[in-house]
Structure formats: structure tokens, C-alpha cells
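For reference, the structure discussed in these notes is given below.
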Amino acid sequence: MALLRVLCLLAALRRSLCTDTEERLVEYLLDPTRYNKLIRPATNGSQLVTVQLMVSLAQLISVHEREQIMTTNVWLTQEWEDYRLTWKPEDFDNMKKVRLPSKHIWLPDVVLYNNADGMYEVSFYSNAVISYDGSIFWLPPAIYKSACKIEVKHFPFDQQNCTMKFRSWTYDRTEIDLVLKSEVASLDDFTPSGEWDIVALPGRRNENPDDSTYVDITYDFIIRRKPLFYTINLIIPCILITSLAILVFYLPSDCGEKMTLCISVLLALTVFLLLISKIVPPTSLDVPLVGKYLMFTMVLVTFSIVTSVCVLNVHHRSPTTHTMPPWVRTLFLRKLPALLFMKQPQQNCARQRLRQRRQTQERAAAATLFLRAGARACACYANPGAAKAEGLNGYRERQGQGPDPPAPCGCGLEEAVEGVRFIADHMRSEDDDQSVSEDWKYVAMVIDRLFLWIFVFVCVFGTVGMFLQPLFQNYATNSLLQLGQGTPTSK
């Protein structure tokens, strides 16, 4: 028990000595008589202070397309040497490292030059790790809002290149030399984003040939958008609305809803166009891919409205207003239906058989009426005695007598025949007019089917052509980036 007390006492004494040692070391390093944090750590005015810089991306918070701002959470690693912050470890119980508040030592005041919100400094001034040889390691976290030029050409299958430029605010190259610690930014503690994929984070050191005092460190944040959200909520509804525009040509003209469907589709596309205008930045340099597709669809819908008006005009034509040209009959009634997989009604259909039967009945009724009228006329002028002896059919002309005088009631017979002929001609004319009207309706149906196939091919190839182009372009860009990362670069 006594031994345990002795060990505890020794441990407490050692901790006290260590605390006293660290306190003595801090007081020694920050002694105002030997250290001034406002003075650059150089022995003379021509000596350069080399600052090694590296960015570690912790989180890609957001990319605001309309304001063209990228918000990131980064850790800014900075390393340099200060000859004034050196000591001999043997004088301080072999203590080789100490942590000092960063605001109590000299800092290279590296800031984000392309800042977008006025917060150029880091978010938190963490402690700096000082080694006995004077090397300083400082890792402050920061949330930066940097300006980013958004390329909307392939939205939502776009890939952006947002840069972050770091430079000392007050020191130039004759006093501080910024050096890249690593060619790429670190992703060791990165939290994946739900909207963007990190393609590459290369860094480079920039110098100005015209200005020997200029130097900066620039990191390129090459990011690719995850298009699933916009595909589900924007592109697929647009494609479905386009399919409704195609179905306009499959809708029968007699239903009277062609124009209603066309206008409804056009209004729906206008609403989607307004949604896109609130997402993408108001730039006149490029039109987003979805905007191009919507404009393409709106042009098709507008054209479908024009063609629907023409189809309805053809559908409601009649022989009293229009005459069908021979080329229309040849093209739209004989040739195009076979090419468009339309089966034209045959001549022996039920309606044609009914029409022939009606014509046969009309001829039979006219013949019966004619025979009845002729029989009554002959019975009026026949001799009753002769009729009994010879009959009406045995009536013969007497020799020596002239021809019989004209029958007084022949005019009635002619009027009856003319009336029957007029009725037959009128019914035949109505039947012919109805046949021509049905031909016009069939021509309208052929035009509808023709534009249906045209719209199907245009929409399919237009959609595939528009949305495959950015995918191939992103693939080519990624291949070039991989080749560039595999090739060593010179600083």
C-alpha cells in the first residue's frame, strides 16, 4: 500500500514537472524580448519564407447555380519555418513539440482570393504545432464560398470546374514563396455529396511572366452532377408530355378534343420551362440541355397544332365546298395507306353492298310503277267487246284505219316517271356526296397517320441525340483527366 502511494506521488510529480516544462518552453518561445509576431521570420530582407500549402476537402456543401457560388468545407494545411521558435530538447526534458495559439505567432496571411461573401479568413484559428527545429504545422478549418463560373450547356448532365485561388494578402513573391505540398487535394476525410461526384482535384502553382512578384496556388475542383434527381423530376415528365403530343395524331378527329390536348401539352411545357429558368443562371452564353429539349418539344407541339388545324379542315370538307383533285385521290387513297400500314376498306364492304341493294330496289320500284301506269292507260281506251274476245294483249290494229290518237293521260305517266327518276337521282347524289365526304375523312386519317410516324421518328432520334452527346463528352473529358493525372507535371 505504501509502495502504491509512492508511485502515485511520483506520477503526479512527473506531470507537474512536465507542465512546468511546457510552461517554461512557451514562456521562452513567446518572450517579447526575443519574439515579435508582426515580424516576418527572415534573417534579412532578401530571405524568402517558403510556405507549403495543401487543401484537404472535408465536404462539398453546395453549388448554387443561379448565384454561381460553390460552398466548401476545407482544411488548409500550411507549413513553414520560423528560426525564432527553436529550442534544444535537452533543455526542456526532451520536449520536441509544443502547441501554441496561432494568433500569438506570425502567420503568412494566406487567403482565398476568389471569395464570394467577404469572409477571406479561416473559420477557426486552431493551435499551431511547433517543432524544436522551428518548423510550424498549422491546419485551420474553413468554410469558403468561392465564385464559380457555371457552364449550363449540358445541364443536368453537366461537369463543372470551380477553382479556388490562394495567395498571401500582403506579402509578394520576394518575401513569401508559396509551394504546393501535394499535386492533388486530399480526400482522406471527405464526406460524399448527394448531388455531386468529385472527378479530380488537381492543384497548380501559378506565376505571372509579366510580374515577377506574383505567385498563387490554385486548386481545380472538377465535379460532375448526379443527374438522377433531375432525370426523375424533370426529364422523364418532359418525355411523357412529348409522348402526349405524339398521341394527338392518333386521336380521332370526330372526338373534337385534338386542339384541347395540343394546348394542354403546350401549357405543361411552358410550366417546365419556367421551372428551369429558376434553377439555371440567367446567362446568354449557353442554353441548358433541358431548355433545348423543351424548346425542341415546344416546336413539335406548335407544329402539331398547325397540322391538327389542317387535318380538321380536311376532315370536315364536303363536295359542296371542295373538289378532290385526282392527285389527292391517288396519293392519299391508294399509295400512302399501304406505306403507312393502313388497311383501306374494300369495295365489297357492308356499306357498299347496302348501297347496291338500295339501287336495285329503286330500279325495281320504278319499273313496277311504270307498268301499272301503262296498264291503266290502255284499259281506258279499249273496246269492252273486243277486250273480252281478244283481251288487252290481243289488241291489234284494224286495217284501213290510221293510228290511234294520243292518250289523254300520257302526261301523268311521264310526270310519275320523272318523279321517280328525280327521287332516284337525289338519293344517288346524296350517296355520292356521302362517299366523297368519307373519302375526305379517310384522307384526313392518312395525314394524321403520316405525321404520327414523322413525329415518332423525330422525337426518338431528337431525344437520343440530345441526351447522348453530353454523356460521351463527359466520358472523353474523364479519359483526358486520367491521362493528365498519369503524366508528371513540372512546377
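Including glycine, each Cβ sits where the backbone N, Cα and C put it.
Keep in mind that this is a model prediction, so the values were computed, not measured.
Look at Swiss-Prot and you will find Asn44 (among others) tagged as N-linked glycosylation site, backed by sequence analysis. Its Cβ placed at the centre, Asn44 (N-linked glycosylation site) has 5 other Cβ atoms within 10 Å. A coil conformation is recorded for Asn44 (N-linked glycosylation site) in the three-state DSSP classification, outside any helix or strand.
Taken from Swiss-Prot, the feature N-linked glycosylation site applies to Asn161 (among others). DSSP classifies Asn161 (N-linked glycosylation site) as strand under the three-state reduction. In sequence order, Glu151, Asp220, Phe221, Ile222 constitute the residues six or more apart from Asn161 (N-linked glycosylation site) in its chain with CB-CB distances below 8 Å.
According to Swiss-Prot, the feature site 'Key residue for a rapid dissociation (K(off)) from the conotoxin BuIA' maps to Val129 (among others). Using a 10 Å radius centred on the Cβ of Val129 (site 'Key residue for a rapid dissociation (K(off)) from the conotoxin BuIA') and all shown protein chains, the other Cβ atoms total 15. For the recorded site, Val129 (site 'Key residue for a rapid dissociation (K(off)) from the conotoxin BuIA'), the DSSP three-state label reads strand.
Here Swiss-Prot flags Phe137 (among others) as site 'Key residue for a rapid dissociation (K(off)) from the conotoxin BuIA', drawing on similarity to another entry. Annotation for Phe137 (site 'Key residue for a rapid dissociation (K(off)) from the conotoxin BuIA'): spatial neighbours Thr77, Gln78, Glu79, Ala128, Val129, Ser131, criterion Cβ-Cβ under 8 Å with sequence separation of six or more.
Residues annotated as topological domain 'Extracellular' in Swiss-Prot: 19-226 (among others).
Residues 308, 311-312, 315, 441, 444-445, 448 of the same chain sit 6 or more residues outside the topological domain 'Cytoplasmic' (252-258) yet have a Cβ under 8 Å from a Cβ within it. As annotated by Swiss-Prot, topological domain 'Cytoplasmic' applies to 252-258 (among others).
If you look up Swiss-Prot, you'll see 278-292 (among others) marked as topological domain 'Extracellular'. Mapped onto DSSP helix, strand and coil, the topological domain 'Extracellular' (278-292) counts 6 helix, 0 strand, 9 coil.
Under the heading topological domain 'Cytoplasmic', Swiss-Prot lists 315-449 (among others), citing sequence analysis as support.
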Which whole number is the mean pLDDT over the topological domain 'Cytoplasmic' (252-258)?
79
Quick one: DSSP breakdown of the topological domain 'Cytoplasmic' (252-258) into helix, strand and coil?
4 helix, 0 strand, 3 coil
